[in-house]
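As given in TrEMBL:
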- 192, 259, 260: Zn(2+) binding site (BINDING)
- 1-274: domain 'Hcy-binding' (DOMAIN)
């Protein structure tokens, strides 16, 4: 089980495999509304099962079993992943943020509303709005959280391809300010962005938010949206990736992980790098 592999590598938060899962997408493939909602809930249930399995392994073993496995009783959170509208389109739009002039704030809210409700019904510890590519979707999420009176904490994580703005060209400062102003959002940050950009992006986010900063870059590899595959040999090694980690924490990152094309080995290296640091304050 993939979630279990990450927990055994030292992850404290597991994110459900629902990033690209939508009711609309399932229905387009012939699933009923009931089946589609059940699949969304299943993504949360699977993460819970992995956590339970991990805790059972911890009870019967000490910290580590000699193969790099980390078995240590600790608080583990399950975050329900909500991908962008662009992820549903499956055309690389989450890396451009270009939804066209016809897409409105209200339409985005209605696209996401039922999926968010269903994921929350499954009882995750928090909800992760990931790879947010533009300002309008950040605003849609913030309004949705307030309209639905969602009680569990959420984070917003944006992506960037220039180290300055979000991928649409919208101002990162304006996007992060939306997260800052939403009381349900307990952390704001960056995901699926090359590691070389993260340092400056953290500094930018700190200008507009006092909330904890969550950082989980990709490997630095490039994605070919037309061919729907990652371009090999364009990223950084785990060693190079981890070499950034302490610097990110020094300038303000509270939570660090990995996104596309990172592996449990990446997380294990991050765990070892940060194991001497004091843990971040828990999300409330």
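Backbone N, Cα and C atoms are what each Cβ position is placed from, and that goes for glycine too.
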Neighbouring C-beta atoms (10 Å sphere around the C-beta of residue 260 (Zn(2+) binding site)): 18
Integer average pLDDT (0 to 100) for the domain 'Hcy-binding' (1-274): 93
Other residues, Cβ within 8 Å of 192, 259, 260 Cβ centroid (Zn(2+) site): 131, 159, 191, 193, 216, 217, 218, 219, 258, 261, 262
For residue 259 (Zn(2+) binding site): intrachain residues, at least 6 apart, with Cβ closer than 8 Å: 131, 191, 192, 193, 216, 217, 218
Protein Cβ atoms within 10 Å of residue 192 (Zn(2+) binding site), excluding its own: 25
